[in-house]
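Notes to accompany the following structure.
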């Protein structure tokens with residue numbers, strides 16, 4: 001099965017980026033996860049991005065905060081889709097990361113999800129891979145159905161116990 005690379009600039013990004021890994025694991029998608037700083041270890045970063053295709057990666061999910069160059073630099077080197085996850089920051093709440101990732105020059109696109117939106121990055125990676133994998137497409141449809149059923153169950157619970165009791169149980 002196609003691989004997804006998950007890369008982040010710091011271990012402080014792990015709680016967020018692990019959500020992408022959780023989604024990929026749930027959907028049965030092979031992935032590898034690592035920590036590489038594009039700023040602090042540029043040679044290692046370039047080797048990672050250059051070797052990603054021969055490792056079998058079809059998508060890279062890259063999370064970064066502040067200057068957030070990691071996703072854009074991955075996209076500059078890796079010839080397949082890159083999904084950027086802007087990290088929430090203490091300085092500007094993640095808007096700095098978001099703008100850095102989303103404002104890429106023509107020819108170097110980075111698909112960008114919400115600030116700390118690694119779960120959606122995992123789902124988007126799965127949807128990209130599912131364009132050529134019927135079995136994965138089926139698992140994605142099952143996942144969507146599961147989400148729908150969760151909402152239906154919550155609505156039924158609300159109808160059954162009323163909003164005041166529902167809030168108490170939250």
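Backbone N, Cα and C atoms are what each Cβ position is placed from, and that goes for glycine too.
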Same-site residue for substrate (record: TrEMBL; known: 10, 13; options: 40, 139): 40
Set of same-chain residues at least 6 away whose C-beta sits under 8 angstroms from residue 40 (substrate binding site): none
Any further residue of that chain within 8 Å (Cβ to the Cβ centroid of 10, 13, 40) of the recorded substrate site: 8, 9, 11, 12, 35, 37, 64, 65
Three-state composition of the domain 'PurE' (2-151), taking helix and strand from DSSP: 74 helix, 27 strand, 49 coil
